[in-house]
Amino acid sequence: MSETNKLIVSPAPHISRPLTTRQVMLDVIIALVPAMAAGLFFFREKAAILILTAVLACVISEYLCCLIRKQKSTIGDLSAVVTGVILAFSVSPNLPPAYIVIGSVFCIVIGKMVFGGLGDNPFNPAMLGRAFMTACFGMAMTTWSVPAVVPSQQPKIGAANSYVTGQSGLDEDETLDVITQATPLAWVKEAVKTRNLEDASKIVKAGIANSQLKAVFWGYTGGCLGETSAFALLLGGAYLLIRRTITWIVPVFVIGSAFVFAEIAYLVDSSAFVNPLVHIAGGGMLMAAFFIATDPVTNPVTRKGRMVFGAGVGLLIMLIRVFGAYPEGVMYAVLIMNALSPLIDRMCKRKPYGGEPNAK
């Protein structure tokens, strides 16, 4: 037998294809492109500035941390780029660039490098950075602008532009800095708070369930920069599943548990609780299901543990949305479940063949 025809089989386990951190991160970046394109389309130059600023701040912060620690630079694995993009996607388009620089530095330095770098961080760095910015810049983080391409707002946008150029379409005593709009989830929260009013039913049934369901699917609504278009996020999630960069377990259990909770609430009182599809398509639910909760570093390692983790994220998101003071719960849900991940792993430890998991 010739040398080229020899078949050498090494002992198991066998790896079907080489997979590096850089390849995984590159897949995630590619999957984020549709949502990035939607953000650029809806929010124009604001989106571009925030995304570039966040990515540059994250990359520079990681490089400087490696330099200070006299370690080989890890910016080549692209994890800092992914963190920057996800952080930018989870903030308001109106956020001043200086604020996202602060959040990006916090993400990398405190959320990642302090613990030893990628693979050692117990919490999702982007969500930790967002939590820090929410605590520091609460007003800026919750001020939403109308997408630039919403047809119903074009006359007002035109009036604002003409006002700036001196050809005002507004009254002399009017000033217009930005056109703001409540997010669909904020409308839902208001409906729950005013459940005894007839307006609540109108908000839920007319404003949300009909026009807003279509708006949150395509992205024609206020919200975080990269989370308004459910269609774009579904495209990215499908790409990751097809590429097998992520498994179906966490996304299915995040979305499934949230849908079940929302459906039960809707069946109990449909005049105060919104159509479950709005909860799934609106806010950061899909972003969490496909891009945040699937982070392998902060996930449990067992199959059963990931099921528990995903279900916990979805349930906590809905509890915060429905009963909490804040209309969105993704950030808190992910961080809480990150903290519980080691405990989940311990509870879902596999039983060794022929023995007990804790047998000595």
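Glycine residues also receive a Cβ, built from the backbone N, Cα and C atoms like all the rest.
These features come from TrEMBL:
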MOD_RES   Thr183  FMN phosphoryl threonine
TRANSMEM  24-43  transmembrane segment
TRANSMEM  49-68  transmembrane segment
TRANSMEM  75-92  transmembrane segment
TRANSMEM  98-115  transmembrane segment
TRANSMEM  127-146  transmembrane segment
TRANSMEM  217-241  transmembrane segment
TRANSMEM  248-267  transmembrane segment
TRANSMEM  273-293  transmembrane segment
TRANSMEM  305-324  transmembrane segment
Candidates 75-92, 127-146, 217-241, 273-293, 305-324; stretch with most C-beta pairs under 8 Å toward the transmembrane segment (24-43): 217-241
Most Cβ pairs under 8 Å with the transmembrane segment (75-92), selected from 49-68, 98-115, 127-146, 217-241, 273-293: 49-68
